[in-house]
Protein chains: 2
Amino acid sequence: MKNPVQQYLEEIVEACAGTSGAVADYIPELAEADPDRFALCLATVDGRVYTVGDAEARFSIQSISKPFTYALALQDSGKEAVAEKVGVEPSGDAFNEISLAPDSGRPFNPMINAGAITTTSLLAGEDGDERFARALEGFGRFAGRELDVDEAIYDSELSTAHRNRAIAHMLREFSILEGDPEDVLAQYVRQCSISVDTQDLALMAATLANGGVQPRTGEEVLDAQLVEHVLSVMTTCGMYDAAGDWVTAVGMPAKSGVSGGIIGVLPGQVGIAVFSPRLDSHGNSARGVTLFERMSHDMELHIMHVSRGSRSALRASFPLSQARSRRRRTTAEQEALDRVSDRCRVYELHGDLLFSGAESVVRSIVDDDPELAVLDFTHVNEIATVSRQTLIALRDRLRECGAEAVVVDPGEVIPDPDAGTDRATRRFPDVTSALAWAEDELIRRHCGDLTTSDPVGEHPLMSGLSDHASEVVRAALESREHADGEIVLEAGGDFSGVHLIIDGRAVACAEAPDGSRMNLVTMEPGTSFGELALGTEDVQETEIRADGDLSLLVLSADSIERITEDDPAVGLEMWRAMARDGYRVADKALRRGATRLA
Amino acid sequence: MKNPVQQYLEEIVEACAGTSGAVADYIPELAEADPDRFALCLATVDGRVYTVGDAEARFSIQSISKPFTYALALQDSGKEAVAEKVGVEPSGDAFNEISLAPDSGRPFNPMINAGAITTTSLLAGEDGDERFARALEGFGRFAGRELDVDEAIYDSELSTAHRNRAIAHMLREFSILEGDPEDVLAQYVRQCSISVDTQDLALMAATLANGGVQPRTGEEVLDAQLVEHVLSVMTTCGMYDAAGDWVTAVGMPAKSGVSGGIIGVLPGQVGIAVFSPRLDSHGNSARGVTLFERMSHDMELHIMHVSRGSRSALRASFPLSQARSRRRRTTAEQEALDRVSDRCRVYELHGDLLFSGAESVVRSIVDDDPELAVLDFTHVNEIATVSRQTLIALRDRLRECGAEAVVVDPGEVIPDPDAGTDRATRRFPDVTSALAWAEDELIRRHCGDLTTSDPVGEHPLMSGLSDHASEVVRAALESREHADGEIVLEAGGDFSGVHLIIDGRAVACAEAPDGSRMNLVTMEPGTSFGELALGTEDVQETEIRADGDLSLLVLSADSIERITEDDPAVGLEMWRAMARDGYRVADKALRRGATRLA
């Protein structure tokens, strides 16, 4: 089945295949480019690459080197040192204007030639050769492969670089460049001659889209903070004197080159590259600009496009009464929880907790004013610093009111500054265990001592029996002990009777669809296990293990058969009680499923 | 409990309360402003407003009027007509530079005075008075309340507006302005004198953040496309000659005014306004700039901040075997579904389906290649045009392969271009009904005729009985008919027996936590209802209705008691069968809950 995204990209490339514009001719080698070459490549932040047209045709990177040189200069020399030598203000000038601030000689920004020549000199290295090696290796990290130089382009370009030579010497005059300007110029021209194809550029752009992490190699090529900085400058200065038009019409940080390439970055989503050598009057690829305008419009890629999704990070919120742990409770506990369980609320968060998302979560919790708040971060990808701080502040406020917030955070997205101290936030690996804690805590806070004095007599299977039947059944109970971790019932075994927990806990485990083992239920004194096998053709489906030392009273399968045969009247009472118990468990389970699905 | 967001905002206002900068003095009235006033206001896109400091202090809007005048001009005169008169390119010049393109006299952009005076003339109205009335009413819609003019400021400003008067006449000279430039100038100065407080500005900004919809009134004040355009121009030109610094350091579309206000817009999240009359050398509020830099950094509000949340729109995807409808199936159907249910997959989408989100969904489906795909849009907020088109294309590709995609779309976020034709996409109001359809479809496609020939004999309650017991029970069954919609069992009634469905369907309904009625289960021939009441102290908890004409065979509560008393051996068999049935239903329900929670 053909991927519809691929199909769409092929269609728009066809729709934009006009023939306006002319190939750059100020450098003899560039004038020889095939004017009809046309390629589009789109790389997602998880490394999927879509290509259309001549995506493997090589060309020199030219001015698209500028944002990457700037990025490497920021990394090698630091933001402050770079800011001393080159500004970040749009100049409104064409790409080859000298554009230096009148007093300091500081180039307006790193996307015009003067600024780019300056940043070239700020890469790590003792001389032009070393700094060039740094650029070549750095660009390769962005692209995810080793790159090389088109020497013919380099020779051709260096011999005709009169204007750039003038700029370099002017920069030297103002001491913006230090050392030999010819050395920097040669390095600059060599950088512009690095050979790439459209896919390389798309992946370089996708690395910026991905916060500086190369989508395929996974390498952190650039610090995320510097990525923001580079993208900002590309937004205001990337398209020369057409920057304002570009921002309004396309709305994506971008950079074009005179060989016919344009890259665009949609933060968090994709990197896009187009290659078509025919240029418009601003020196940008004519078909490239058309294609970007079309894609931005169709695909709603404009950075100012208002996405309503960011409004709420709260996927759902509900009282404990609608969730309940899968811990089996005694009737007394269950009744107690029915009274107080609305005092605990669960908040399911999702997506990225940016400021506005965290704000809406905090507002909900402040409004609900729960006694226990379970914050479920399972589906949260990333959490902004301010969100983290705000949520910690919320936890502290809740504590001041005698309330408590706990987190479910299997991915450890929200580190706790108080970890290891007695102020640490209680953390749970899954919602079920958090709910079990919350139930225990509510019972502890509000329901006094619910320890059952007669776990056998209060069990639903026994409580409905006549005195005589109860006596017969009690007499048949066998006492058993299991040590922590012992398997009490094996999955796949035969029905072996009803197991009443007198002391300790047992857990039921099963294999998850992905093959892993998961704990389904934790069972406490007063509850029972084993009887569900009656519903599955006498096969015990789950494995039961002791969770700590475990004391049981067992009404074995043999005893059940014996009573049924020897004393049919008691047998009938017993089976009737089991039927009621079966439907009771069924009703509870169905009801829980229904509530949570609603 | 104090909201921690409020607390945070109070803290940063305190931290930024320096005293550098001086109040504007070029207009006598402005020089009288209290230099120590300081207010911060933050408005979310759903209308929650946080304020700190002198949030109700009034001041004249000054240059913060510019983006809103531009917005109204775009709406009144259209993008093209406005573009003829004023550009969108950053000029790199200060706010009061004349900055006209040398040939055409066209101002570079609408955020400098020359451009703003021009857009003022492009509002709807015959003369300055009418156009001013339009501006006042329009600004009021953004703020969500009626605004008025500070006449003292207006008089003071008009009498000293020498430079703006020069600009207006120069614009008239180039025919950028038509008619009397004094009329436009008076209107412009009046607009700048509109009186606002910090909360008004925050809500005006939040209206832009909210795609043009005023968060509190819900009015669509500006078309979403024009919002993108206005925000783009604010990004590149909003902060005068400090625009580049602002974009790199703050990274938010913004506008400042000489009276000390600054607004910032974070698309999709919040509008922010600061008021502090002391200005820096660029004419921007000194404490305002510091506060915005601090907030942008702390709160990660930079528009280029890469959010990983946009990576995937796919919340979960699983085969039908892990979901299953709540339709009760006969044993034969259940066995058939166990074989084929992996051919159907459910895709739960969430958030905004921007391009990259839709791409990841499409890629998953192409890779899985399911025979039936259920796309659940319940948690999708918004869907980009390209995503809609891509998903329709995917549906068509699936059809070509004999497969089918259906949607669950209660909020109708994805309209179907083929609605009403035989190519229409099948739509369901909830996942359960989609799953029921998918199960039926898989059975129809792969499992031949599964109609049960003996719905009574195949029921689990009967199939385990001895011949004698089966005969006794069958003899006790009573035939009943119900018309469509009839209530068969009332919620709250006593246990009234086991109801076997012979023909037609029945639905179980219950009250949802929010008071609405919801369908819990649909039951088909071969299944039964009523017996769950045995698990809830003989109380029927759900209401059962006929869904179409319904034929039943009922083993009444009286018959069950009679058999139990008259023929204890048969009674014992019957209760034993019910116990097994109870645990069978319990096991299934618990298992489903466990799988879906895993």
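Including glycine, each Cβ sits where the backbone N, Cα and C put it.
TrEMBL does not curate its annotations; it predicts them automatically.
These features come from TrEMBL:
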BINDING   B:Ser63, B:Asn113, B:Glu157, B:Asn164, B:Tyr188, B:Tyr240, B:Val258  substrate binding site
DOMAIN    B:346-408  domain 'STAS'
DOMAIN    B:461-563  domain 'Cyclic nucleotide-binding'
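Positions of the features from TrEMBL, shown on the structure.
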residue  : record                 : DSSP class
B:Ser63  : substrate binding site : helix
B:Asn113 : substrate binding site : helix
B:Glu157 : substrate binding site : helix
B:Asn164 : substrate binding site : helix
B:Tyr188 : substrate binding site : helix
B:Tyr240 : substrate binding site : helix
B:Val258 : substrate binding site : coil
Field: substrate site span - longest C-alpha distance across B:Ser63, B:Asn113, B:Glu157, B:Asn164, B:Tyr188, B:Tyr240, B:Val258, in Å
entry: 21
- prompt: Along the domain 'Cyclic nucleotide-binding' (B:461-563), what average pLDDT does this model show?
  reply: 87
Binding-site residues (B:Tyr188, B:Tyr240), the one with most neighbouring Cβ atoms at 10 Å: B:Tyr188
DSSP residue counts for the domain 'Cyclic nucleotide-binding' (B:461-563), split into helix, strand and coil: 25 helix, 48 strand, 30 coil
Task: Work out, from DSSP, the number of helix, strand and coil residues along the domain 'STAS' (B:346-408).
output: 30 helix, 25 strand, 8 coil
Query: Are there any residues in the same chain, six or more apart in sequence, whose C-beta is under 8 angstroms from the C-beta of B:Asn164 (substrate binding site), and if so which?
result: B:Asn113, B:Ile117, B:Leu185, B:Tyr188, B:Val189
